[in-house]
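Visitor: This structure is in structure tokens; I'll ask about it shortly.
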Amino acid sequence: MDTISSSASLSTPRFRCFDPTNSYHSTTTVNHRPYFLTFSANSTTASTRDCSSKDAMKNSTKYEPKIITGDDGYVLEDVPHLTDHISDLPTYPNPLQDNPSYSVVKQYFVNADDTVAQKIVVQKDSLRGTHFRRAGPRQKVYFESDEVHACIVTCGGLCPGLNTVIRELVCGLYHMYGVNRVLGIEGGYRGFYARNTVSLSPKVVNDIHKRGGTILGTSRGGYDTSKIVDSIQDRGINQVYIIGGDGTQRGASVIFEEIRRRGLKVAVVGIPKTIDNDIPVIDKSFGFDTAVEEAQRAINAAHVEAESFENGIGVVKLMGRYSGFIAMYATLASRDVDCCLIPESPFYLEGPGGLFEFIRKRLKEHGHMVIVIAEGAGQELLCESMRAMDQQDASGNKLLQDVGLWISQKIKDDFANREKMNITLKYIDPTYMIRAIPSNASDNVYCTLLAHSAIHGAMAGYTGFTVGPVNGRHAYIPFHRVTERQNKVVITDRMWARLLSSTNQPSFVNPKQVIKDKDIVDEEPRSQLLNGENHIDTLTTQERV
């Protein structure tokens, strides 16, 4: 996760009136969620350059999300459009209508009223609930091909599929819309004002999807709103594609707001990237399938090592700072794992029902065992002894101690002090091997769809959004919806129950505490409707299964 400058912050003021006639020519009722981006004087007045349009919202410092309501509880959480702050923009026929590759498609253009439902499991009396604008090409576009000057930037940690997204953005712009000018911003956000760029063409990116990492380079931190937007304005860039995690998307949201304040005709599009799959609303993030698949190699190796020695124990640490999706899905896919530990499910080491007792039991039954642990699991136990809870990296992420090494040593110490049996423990940490590999076939296809959906949205004049699949259909999602919280494993859900039945491990938690936690989750509002009194729960990926 990447940080943004202290000049930008999130606030939750009271509901305010919103005039729908500013953005819509319809009779629908408009309301909005209580999430706003606010700027300090430093961020909004750092540049003295003139805005390019007299229609710019010169005094606007808050972005009010656009909510359209309809019959039967229908709610559309819409995304901003260039026409919201620049009037009388001309439109042009979509070049795809003359593209021979799409001539066989019966209905290629998306209907203007198409939306995607966030919740698809409903009862007969349920409200229609929250929807997002469907992604895809429109009949009219707001950019001419020769006018477009796009840029692409990658931020944060590495993830399988980054190069594929870059490739498909460049090739999609060129082959679908005839765009020839695409810049790659090197080194993350700081590359904007350090003036590190590289020209990208289909020839340059032709085979980069076969390589891991990102050809543009990346970094954490280095965010400065005014410098970034100044650079965008100086270079004449009018489409910005930002690939990164939740911190990067927060930064993209602030960039969009500053561009909007200056009245620039610039589309800002986010493509969510996190190997941990901890971005909410969307079904999954790219690189996740590849990470789960590659994690199998480490688990298989740990199983071979453990099985080959008397009382052998294999410990594998996988990614998952705050969310244990990779560990959970890798465990379910492997079927060789005896115990899976994730950040969402607290555990304890000693005493009845503790981890040490379970390890002794499993060794007596099978003679070996495999433990998979997410990097964020057990940090509260580890930090009690190492006193390192407040340290952060350049992105503002909490610096985690190596829980794999720590728990391996704790297991060794426990058997050395209490048990007469000897154990052989092997610890495997494949984290950086997994992050650095190219994406697999499934993720390659997914990255292509993400890139094309992003391009279609930008060409259609949408801005200030991130793209991703919602219940299998790609949609345009407001930035604040993917940054307001993190997607986490729900340990009261059936998917976690499937894992427990697969490993036969104890839950390590008091059943009364589980019921209490579930009641708290059920009481939390996930998506406010109409007057804020009705709520719709957001389904996680595993809840849909």
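Cβ coordinates are placed from backbone N, Cα and C, and glycine is handled just like the others.
The structure displayed is predicted, hence computed values, not measured ones.
Residues annotated as active site, proton acceptor in TrEMBL: Asp276. Look at TrEMBL and you will find Gly157, Arg220, Gly221, Gly245, Asp246, Gly247, Thr248 tagged as ATP binding site. Residues or ranges marked as Mg(2+) binding site by TrEMBL: Asp246. The annotation substrate binding site is assigned in TrEMBL to Thr274, Ile275, Asp276, Met319, Gly320, Arg321, Glu375, Tyr432, Met433, Ile434, Arg435. Residues or ranges marked as domain 'Phosphofructokinase' by TrEMBL: 151-456. For Gly247, the entry in TrEMBL reads site 'Important for substrate specificity'.
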Visitor: Determine the minimum-neighbour residue: among Asp246, Asp276, listed as recorded positions, which Cβ has the fewest other Cβ atoms within 10 angstroms?
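Guide: Counting other Cβ atoms within 10 Å of each of the recorded positions Asp246, Asp276, the minimum falls on Asp246.
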Visitor: Sorry to bug you, but what's the C-alpha spacing from Thr274 (substrate binding site) to Thr248 (ATP binding site), rounded to the closest Å?
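Guide: Just about 10 Å between their Cα atoms.
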Visitor: Name the one residue among Thr274, Asp276, Gly320, Glu375 whose Cα is closest in three-dimensional space to that of Gly157 (ATP binding site); these are the recorded positions.
Guide: Thr274
Visitor: Between the binding-site residues Gly157, Gly221, Gly245, Gly247, Gly320, whose Cβ has more other Cβ atoms within 10 Å than any of the rest?
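Guide: Checking each of Gly157, Gly221, Gly245, Gly247, Gly320, the winner is Gly320.
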Visitor: Ten-angstrom check, please: count other Cβ atoms within 10 Å of the Cβ of Met433 (substrate binding site), all chains counted.
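Guide: That number is 14.
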Visitor: I need the CA-to-CA distance for the residue listed as 'active site, proton acceptor' versus Gly221 (ATP binding site), whole Å please.
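Guide: Cα of the residue listed as 'active site, proton acceptor' to Cα of Gly221 (ATP binding site) measures 19 Å after rounding.
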Visitor: Let's check the environment of Arg220 (ATP binding site): how many other CB atoms sit within 10 Å of its CB?
Guide: 22
Visitor: Please report the distance from the Cα of Arg435 (substrate binding site) to the Cα of Arg220 (ATP binding site), rounded to the nearest angstrom.
Guide: 16
Visitor: Give me the CA-CA distance between Asp246 (ATP binding site) and Gly320 (substrate binding site), in Å, as a whole number.
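Guide: Spelling it out, the Cα of Asp246 (ATP binding site) and the Cα of Gly320 (substrate binding site) are 14 Å apart.
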Visitor: For Thr274 (substrate binding site), what residues in its own chain, 6 or more apart in sequence, show a Cβ-Cβ distance under 8 Å?
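Guide: The answer is Gly156, Cys159, Gly245, Asp246, Ser285, Gly287.
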Visitor: Whole-number answer please: how many Å between the C-alpha atoms of Arg220 (ATP binding site) and Glu375 (substrate binding site)?
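Guide: With distance taken Cα to Cα, Glu375 (substrate binding site) is 19 Å from Arg220 (ATP binding site).
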Visitor: Measuring Cα to Cα, tell me the gap between Gly221 (ATP binding site) and Met433 (substrate binding site) in whole angstrom.
Guide: 23
Visitor: Per 10 Å Cβ neighbour count, which of the binding-site residues Thr248, Glu375, Arg435 ranks highest?
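Guide: Counting every other Cβ within 10 Å of each candidate, the maximum falls on Thr248.
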Visitor: Return the maximum Cα to Cα distance in Å (whole number) over the record's substrate-binding residues: Thr274, Ile275, Asp276, Met319, Gly320, Arg321, Glu375, Tyr432, Met433, Ile434, Arg435.
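Guide: Those residues reach a largest Cα separation of 17 Å.
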Visitor: Roughly how many Å lie between the Cα atoms of Gly247 (ATP binding site) and Met433 (substrate binding site), rounded to a whole value?
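Guide: Rounded to a whole number, the Cα-Cα distance is 23 Å.
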Visitor: What whole-number value in Å do you get for the largest C-alpha pair distance within Gly157, Arg220, Gly221, Gly245, Asp246, Gly247, Thr248, the residues recorded as binding ATP?
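Guide: Pairwise Cα check on Gly157, Arg220, Gly221, Gly245, Asp246, Gly247, Thr248 gives a maximum of 13 Å.
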